[in-house]
Amino acid sequence: EGAEQDGSERTDGGRPIWNIAHMVNNKQAIDKYLDKGANSVESDVSFDSDGKPEKMLHGIPCDCGRKCLNQMSFTDYLDYMRQLTTPGDPKFRENLILIMLDLKLKSVAANLAYSSGQEVALQMLNTYWKRGESGARAYIVLSIPTIKRVTFVRGFYDKLHSEGFDQYREKVGVDFSGNEDLDETGRILSSQNILDHIWQSDGITNCIFRVMTRLKKAINKRDSNGYMVKVYYWSVDKYTIMRKTLRAGADGMITNFPDRLVSVLNEREFSGKFRLATYDDNPWERYKA
């Protein structure tokens, strides 16, 4: 499926880049970062002791220079995002094309991960997609902190199927953010029959420098038809690191300063080779120059 497709049908302007605003957990932050040029947002879903999604909250510690405790309820978040991503809605923002849910599953017992996935799918069906009544169109990336919680993904997909909404499977992909072994991640995904719509990240908090060795390894895997179709880096705030990330061939980055990435993409070195992704760019296709 997506992993096998050639993303070369849109070569105008070069590789599409997902400019993902970091830790966007209340309405004010959402509006602020969209105004700064983000085309995607990354938001933190925290869970209660039963593994049910409760609120958008990162918690302490978080990236340097950011407030860690901004929050809103999960259902209020989904409802607001539905409005922002529905053409014709008064609040519609055409540039918001992808929502990455950073699922804080390390606090959830492993045996609850499957039911957590079902619960998140159910709430998205009811509040974001409104069981087919909503025109909300964003692509969704389920970002899992460790491959040890991969059953969350199965639960999510199984719930879409059992509720009769397999069509939303086309809108949903997965990502694993734990900097785990890439080969092992690929093997586990294959064993779970998760074979498409896969992103792979590498990174660390903006407070700490990280070498790009693993990022480049992931990009090499992507380009040799590995399990992932997109590779992104986090959290990237410095202009110099943004440039290095683009030169390495990444498909996007999480940043606290999306306006800086917009500026870098307009620099002479990058403006012909990269561009901000739009809704017409399929996030589940591997880009071929």
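Glycine residues also receive a Cβ, built from the backbone N, Cα and C atoms like all the rest.
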Matching residue for the Mg(2+) site, where Swiss-Prot names E42, D44 - out of D102, D158, D166: D102
Candidate cysteine (C64, C68) that Swiss-Prot pairs with C62 in a disulfide: C68
Whole-number Å value for how far E42 (Mg(2+) binding site) lies from C64 (disulfide bond) (Cα to Cα): 16
Which of H22, H58, all active-site residues, has a Cβ with the fewest other Cβ atoms inside 10 Å: H58
Neighbouring recorded positions, C-alpha within 10 angstroms of D102 (Mg(2+) binding site) - of H58, C62, C68: H58
H22, E42, H58 filtered to the recorded positions whose C-alpha is within 10 Å of C68 (disulfide bond): H58
Site with most surrounding Cβ atoms, counting all protein chains shown within 10 Å, from the disulfide-bonded residues C62, C64: C62
